[in-house]
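Comments concern the structure below.
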Amino acid sequence: MTLDGNSKQKRNRPCENCRAHRRKCFVSQGMQCERCCRMELPCVFKFTAKPNIVKKFVPMSKRNRMLDQVQLLEEEVAAMEMQLRSLQVQARLQRQQSPPSMQHNKKNEQGRSEKKRQRRDSWQLTLTRDNSTNNGIQLQTSIKSVADVAMFLKSTIGYFTPHRSPNYFVDRTTQILLVTNKMLHMEQLFRVIFAKKMDQGSMMIQQDFPRLYHHHHGNNYMLNDTTTTIKLQFLDTYFNCNGYTLPIFVRPYYHSYLRARPHSMLTSAIAAFVGYAQCQHIQSECQPHRKEMAEIFRQEARSLIEDAMFDEEPNVELVGALLMLGQTYLILLRNSEGRIYISMAWRIAMQLRDKYLAILHDHEQQQKNENIINKEEEQQTIMSSEKVYMEKGGEKCQYYHQYQKQQEIGPLAEAESWRRMFYMVRYLEINMHIIYDGRDSVSPTLLHDDIGYPTVLPCEEIDPDWKEAVALYRHIVRINDCHISTRVDETGYRLMLGSLDQVPTSDIEYLENQMFGFWRSLPHHYQLSNGPMEYITVEQAQQCPNPNILYINMLYYSYWLALETRLMQSPSRTDLVGASLDRLDGERALVIVSICCDALAKIFQELNYRLPCVLELHWVLIACDAMKELSVSPNNHIRIRAEENMRITLKILKNYVLSINNEMEDNQQSFGAMSPTTPLPTPHHYQPLTRDDRGPTPFSTSSGSTIGTSDDECEIISPSTSASTIDPGLSSTSNSNNKGRAAYFFELKKTLESYFAPHDYSIL
């Protein structure tokens, strides 16, 4: 039995009360559902109008111009054919009507050419070894004319050229490259860590958590004041450190907005994220019980998010809280919960897509209109002195300052923050698809090309440092967006997943051209080298004015490294004598891996001195693994560089593990050192460290992904029942967390010790 479209039962849209309480909504008669009538509640239905999608069409004038051009080309081709035919007929007539004198001249020319040929056949060439140097050869010949040299080269060129056709004659669609390394050893280690799923028992236990922030008896008033102060310090640290490198929130709006709401879910989620991340800029007064305070903020954020999921409409603040808390769970290796929070953040971000895209499009159109008006005014106004120009600049800054104070900055700041978070959430969602879910393809719902890249809002142009940070984040989004645009990108993801045995050369060329295009589109002062694939010097890395520029270059070379390590030939089996960057093969991939490892070592070293918070541990370990492979190369140049670079990288890893050990020891100190009157940091981003500040260097949030405890090692903080300033639950949790962290890092140290033992890695 078949049903037509009109007879199919459509899904009922529930009213607001039934939707909020997740109850079945059924309207038997009238305009009210049965549940609202029974409970005497106002029954309200919301209907969202679908936006009108304007289809792109080609104007008729453009079509007519194209047809005219095609017609002109056809006429020109027909005229050329007529000319060629007439020339052919004319040549035939000339051969038939040639006079006897011309035939006599031809015979004379043939006679002279035969004499030349006989004279050329008389010369000889002798090749002998040079006995004086024992390295070269001697040529003895009777050649006396350039014609003889040309004939010699023409006759012997075939013996000195390879039988392979030039690259421009190769059909790349039919060539196949073998995948030599599906995954490096360190990549497999991280893949196992992040693919670990939590069992249901531990998930149920961790859901029943206490709420320490609700305690208001005894000396807990002081504890609550302290936690609020520390939370605001963590919030300021975020906007000046991690939020400065990845500015997903519009700081002129959200910094003051969140400081005025210290108990909001987004403020708590950011504080938990900063507490668990390995940021160097946390004040020393907050270090002893940093993880315990982060656990309090995590519990508070989770409770507020659960309430907001059922009681409030989806908004950008909920997306940000889910994003921050999801990353926090990944830091703690609670991968199942992190996967859930990231998935919820992605779904809610997609629900808000139409709402915020309309605001962004209106703002872009308004900016275009203002630019047109400004250009017209500039054409009409003649600036006669620099004084007038400076006065106009002051008026412009004053206008931006007034614009910041206006209330309409709120929706625009939310829309722009949604766009910036959209790319970060999508990046994490795609990585969860590959690592956690084990998928080898990208869902079509993740492909969006109409969002637009992050832009600088007028309120952000006042601070030049923050303006440049947003511009740099735009390029970070672009390099992450390079891999999700066409069909070939599915091949790229399957290649990164390690599920391919071979890959078409044309797909590799496409992926590489995307990376080359990204490098060429960067401003000149963002490029560390003179070419997209060249060795860089230490001076070039040290002279970089902004450490965030080093971060972009770190991503650029890391993505190249991840791609080419799949295709490189075994370093111990080739000396790279005939390697060429013009030929797509395993030797070329090996040369690129050497260039990337050398550049990454210099960038890691400089970031370790200037901004260690953004130095990502997984890229350091993967690059060090590739350097270990290159250290056995027969090529002296490649081997010496790899050994020196690995020495630098292993030193950074040693400092990292030692810093974790020192942090565990510091966590045993008293919590009473923290005071609610601790001064807050300045509202400017932190200055980079100098090369003299060579202390232990913990890493950023993504590198901190391997820093937390496992699911079985996570302990629950018990509520306070004493009247002392220090909560005994905090002390017991500190000991249990430190045990779990010590056990995990003991295993990590054992892995590093055994894997890098031949290369002088020892921290015991």
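The count begins at 1 with the first shown residue.
Note: Cβ is positioned from N, Cα and C throughout, glycine not excepted.
All TrEMBL annotations are machine predictions without curation.
Outside the domain 'Zn(2)-C6 fungal-type' (14-43) by six or more residues, the chain places 310-311 with a CB less than 8 A from a CB of the stretch. If you look up TrEMBL, you'll see 14-43 marked as domain 'Zn(2)-C6 fungal-type'.
For 90-129 (among others), the entry in TrEMBL reads region 'Disordered'.
As annotated by TrEMBL, compositional bias 'Polar residues' applies to 90-103 (among others).
The region 'Disordered' annotation in TrEMBL covers 675-734 (among others).
According to TrEMBL, the feature compositional bias 'Low complexity' maps to 696-709.
Annotated compositional bias 'Polar residues' per TrEMBL: 718-734 (among others), in sequence order.
Across the range of the domain 'Zn(2)-C6 fungal-type' (14-43), the DSSP-based residue counts are 12 helix, 0 strand, 18 coil. Note on the domain 'Zn(2)-C6 fungal-type' (14-43): its mean pLDDT in the predicted model is 89.
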